[in-house]
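Quick look at what TrEMBL lists:
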type     : residues                                                       : note
REGION   : 25-79                                                          : region 'Disordered'
COMPBIAS : 30-39                                                          : compositional bias 'Basic residues'
COMPBIAS : 40-59                                                          : compositional bias 'Low complexity'
BINDING  : THR131, ASP205, GLU230, LYS260, ASP264                         : substrate binding site
DOMAIN   : 265-426                                                        : domain 'S-adenosyl-L-homocysteine hydrolase NAD binding'
BINDING  : GLY296, GLU297, VAL298, GLY299, LYS300, GLY301, GLU317, ASN420 : NAD(+) binding site
Amino acid sequence: LPWGVFTPDSPADFFSQIQFADQKQEFNKRPTKIGRRSLSRSISQSSTDSYSSAASYTDSSDDETSPRDKQQKNSKGSSDFCVKNIKQAEFGRREIEIAEQEMPALMALRKRAQGEKPLAGAKIVGCTHITAQTAVLMETLGALGAQCRWAACNIYSTLNEVAAALAESGFPVFAWKGESEDDFWWCIDRCVNVEGWQPNMILDDGGDLTHWIYKKYPNMFKKIKGIVEESVTGVHRLYQLSKAGKLCVPAMNVNDSVTKQKFDNLYCCRESILDGLKRTTDMMFGGKQVVVCGYGEVGKGCCAALKAMGSIVYVTEIDPICALQACMDGFRLVKLNEVIRQVDIVITCTGNKNVVTREHLDRMKNSCIVCNMGHSNTEIDVASLRTPELTWERVRSQVDHVIWPDGKRIVLLAEGRLLNLSCSTVPTFVLSITATTQASRALALIELYNAPEGRYKQDVYLLPKKMDEYVASLHLPTFDAHLTELTDEQAKYLGLNKNGPFKPNYYRC
């Protein structure tokens, strides 16, 4: 299949010629602390519109000097990066190598296609969580011919040793765990504002990078050939730009692809919600009363995990279809006000703002745990808790007690930011599926980049169902799973191509 063409009925042959690596165990990682400087006003609400505590947490170093104030070089003499400690690169490289074993499809894609360099000429600027799994994606993009510059989409989710390993291998990475809001935007700008370097593709998680370029560098934005966005928040903003007639480049909506919705949002959150709560609170879940705000894919995953551990789970929802699903799955549908005084844990999963307000926080029982599993940190009104009558007490990494005058306290996790990536890690294999989806989007953006004028409008596109099916099929050999093949007669009866796609684009598994 030519790199410049993707058609629903013509699968890329190289996807089936794959060698899968053995799996290895992933190392545990421990966060420790660091302080950082002032806050700044952001142009966006998705990642930074809450106050940062004076104490943040990062690697095992006691050096509290800001990475922005350090002069660091990698072994090749390059200083085009800003990470916590370049000397941690060796540890990060080990973590990346372990992650590679759980990411068979990306590794196969790298091995099969790197000789053909399908991304030659692509200059990708990225803003995502910087983890070992992201590093595998970045190095795959590099192996396929792309030039990459990267920042973090979350101030707490960066693995410092991984960022160091990427910087050591020559990637311009600007990120460290425990950034301030000022740091956050400074890092994004350092990725974008580079003399002699014009990005032509954006890989974004949350829309902050896209909007930074759109607002501050409009001429640069007009030269972008394509955008890949993988979060609810970021996709919503793209559709807003499109509706207003301000989206001057084609964009790919990764979030609403089936492989992203199911595997990253549902299955990943089903496993990582428990890990994040355990690491921060050491709590037992049996018999605890929990309210989960939102029953989308993230909410479904959280509810399933907590129910399996013996928790009593309530659900709030605005969508009658999702609400009915919650009822059919055995959860009681409530309004938050009805249960706020009695629940032990409140989890937001909506992507909306002010889901948990100061009024709710005032009415919570003593020692109620409050956390967010949505991408945006606007779901819990943390800013309303920064008042003189309330006392903040840092307990441990990413855990604060907020104490009322009468002695009541709530336990706030990650200051209302994304719990699983701020307070724990996520399953590597699940992220392999998402990362493979991202790589597929990057290849699709090559089609956008090289397409004749007029083939694609300045709009938001979903990837064809066929590519979603590729992503899923690439992971099946890891489970020693064997797909059934249609006979010619069966394919004719169903009106399908034997090789897919097997479902229409509107079908959601």
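Cβ from N, Cα, C; glycine included.
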Original post:
Which of these binding-site residues is closest to ASP264 (substrate binding site) if you go by CA atoms: VAL298, GLY299, LYS300, ASN420?
Top reply: VAL298
Original post:
At the level of the C-alpha atoms, what whole-angstrom distance separates ASN420 (NAD(+) binding site) and THR131 (substrate binding site)?
Top reply: 12
Subject >> Confidence summary for the domain 'S-adenosyl-L-homocysteine hydrolase NAD binding' (265-426), mean pLDDT rounded >> reply: 92
**OP:** May I ask for the distance between LYS300 (NAD(+) binding site) and LYS260 (substrate binding site), taken between their Cα atoms and rounded to an integer number of Å?
**Re:** 14
Original post:
Around GLY301 (NAD(+) binding site), how many other CB atoms lie within 10 A of its CB?
Top reply: 24
Original post:
In whole Å, how far is GLU230 (substrate binding site) from GLU297 (NAD(+) binding site) when you measure between their Cα atoms?
Top reply: 14
Subject >> Pairwise C-alpha maximum, in angstrom, for the residues (GLY296, GLU297, VAL298, GLY299, LYS300, GLY301, GLU317, ASN420) that bind NAD(+) according to the record >> reply: 22
Subject >> Inter-residue C-alpha distance, THR131 (substrate binding site) and VAL298 (NAD(+) binding site) (nearest angstrom) >> reply: 20
